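Visitor: The structure that follows is given in the form of structure tokens.
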Amino acid sequence: MKETETGSSDLTPLLADADSLENQSPRGLASVSGAVFNICTTMVGAGIMSIPATVKVLGIIPGFAVMFMIAVLVDITVEFLLRYTQSGKSTTYAGLMAESFGSLGSLAVQICVMVTNLGCLIIYLIIIGDVLCGNESGGTLQLGVLQEWFGIQWWNSRAYVILFVVLFVMLPLVFLPHMNSLRHSSAISILLAVVFIAISSAMAIYAFWKGKTQNMRLLPDFANQVSIFDLFTTVPVLVTGFGFHVNIHPIRSELSRPSDMSYAVRISLAISIAIYFSIGFFGYMLFGESIMSDILVNFDQNSDSAIGQLVNNTVRLSYAMHLALVFPVINFSLRTNIDELLFAKKPVLAKDKSRFTILTCLLLALTYTIAIVIPNIWYFFQFLGSTTVVCLSFIFPGAIVLRDVHGISRRKDKVMAILVIIMAILTSMIAIATNLWTVG
């Protein structure tokens, strides 16, 4: 918060209390473009590979419509958070919930952030290990890129390769104390996502030119494969793909003008919609009904020729590097929330170098250990993530508006908040029930 030109004294308590994130980096260093890169990177993570499968289930027209609808709802809930942050004293998501619901509200946000972000980080390391070192599923050994190039060696086993990536790629990035410092790596991660889209679109257009593209459905195929409940299973995937609420406050705090955050959010949402729809459309166009829940599997199955192998390796390596660069952005809010939970009375984390170093190293070590020891943790976090991401993106912002401790909510805000909460709860319950039924 900045003091107004009149220097009104009633802003003094606000300035005194707003020290958790406001003082972590000097105002004015972060630009709108840097905020856009960091927001986009928060959204466009591992879920990009699942987008074509959701388009297959929904069909092209409903697929784009659902993406657009979720993006609009995300924009609304982000505006809720920004408005209440501007009106209150808190500069963190957990602090914002504490203003409305006390310590239990703050704890709920922190638990959801820890479950969601830690789960994402573990999954990122597992995927990077699968890409570089391969995996074994159902008795079938799938070789990684390094094993295809150099054979199976001790040094290209999962434990050593992931350790190398953690120490020499991720560690230098997670030690950066400010979100704005990650803008360049975030820009590269988005560029790598665009590279993947360019490869997929070029292959799809070439296949179309040769008359080898698959038939695409504009609407869901209720007659044969898809039930109405299957449609709801796609919603958590897309909600996760647009969920960046955990990084709103760290990014906002570093902008020279906090009001620019709304502008940065809308640009980021537009970019993410373009990325998701492009990969969904061209991926579905290329592989049709044979599209898998992870499109990388389809690239593996079409790598018999030398060119196919080159394309497959390029896609897999760019994806692995993309996740490695998303890692520090997700880690930032995880570390901030854990520190806020454990050391609420301590100085700002970025100013306490020893606490910052210890917490960063412990988190990285914990993530690495779980990824190595339990490489099949995906499904556990898939169900929890469907719940926690929905809470962070829709339920908590809606609850803040309904509580309205600052008296700034309009009637239409409360109506929208109720609708968002009801939609979030219903879709999550149906999606979880359908997934449990399918697994069972």
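From the backbone N, Cα and C atoms, a Cβ is placed for every residue, glycine too.
As listed in TrEMBL for this protein:
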TRANSMEM  29-51  transmembrane segment
DOMAIN    31-431  domain 'Amino acid transporter transmembrane'
TRANSMEM  57-82  transmembrane segment
TRANSMEM  103-127  transmembrane segment
TRANSMEM  159-176  transmembrane segment
TRANSMEM  188-208  transmembrane segment
TRANSMEM  228-246  transmembrane segment
TRANSMEM  267-287  transmembrane segment
TRANSMEM  355-374  transmembrane segment
TRANSMEM  380-403  transmembrane segment
TRANSMEM  415-437  transmembrane segment
Visitor: Determine whether the transmembrane segment (103-127) and the transmembrane segment (355-374) share at least three Cβ pairs under 8 Å, counting only pairs 6 or more apart in sequence.
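Guide: Result for the transmembrane segment (103-127) with the transmembrane segment (355-374) is yes.
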Visitor: Who are the long-range neighbours of the transmembrane segment (188-208) in its own chain, taking Cβ under 8 Å and residues 6 or more past its ends?
Guide: 37, 40-41, 44, 48, 271, 275, 278-279, 282-283, 285-286, 295, 311, 314-315, 318-319, 321-322, 325-326
Visitor: Mark yes when the transmembrane segment (159-176) and the transmembrane segment (267-287) have three or more Cβ pairs under 8 Å (sequence separation 6 or more) and no when they do not.
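Guide: No, the transmembrane segment (267-287) and the transmembrane segment (159-176) are not in contact.
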Visitor: Using a Cβ cut-off of under 8 Å, list the residues of the same chain at least 6 residues beyond the transmembrane segment (159-176) that approach it.
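Guide: Long-range Cβ neighbours of the transmembrane segment (159-176): 125, 128-129, 132-133, 144, 146, 182, 185, 324-325, 327-328, 331-332, 335, 357, 360, 363-364, 368, 371-372.
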Visitor: Does the structure show the transmembrane segment (415-437) and the transmembrane segment (57-82) touching, where I'm treating 3 or more Cβ pairs under 8 angstroms (sequence separation 6 or more) as a contact?
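Guide: Answer yes: the transmembrane segment (415-437) meets the transmembrane segment (57-82) with 3 or more Cβ pairs below 8 Å.
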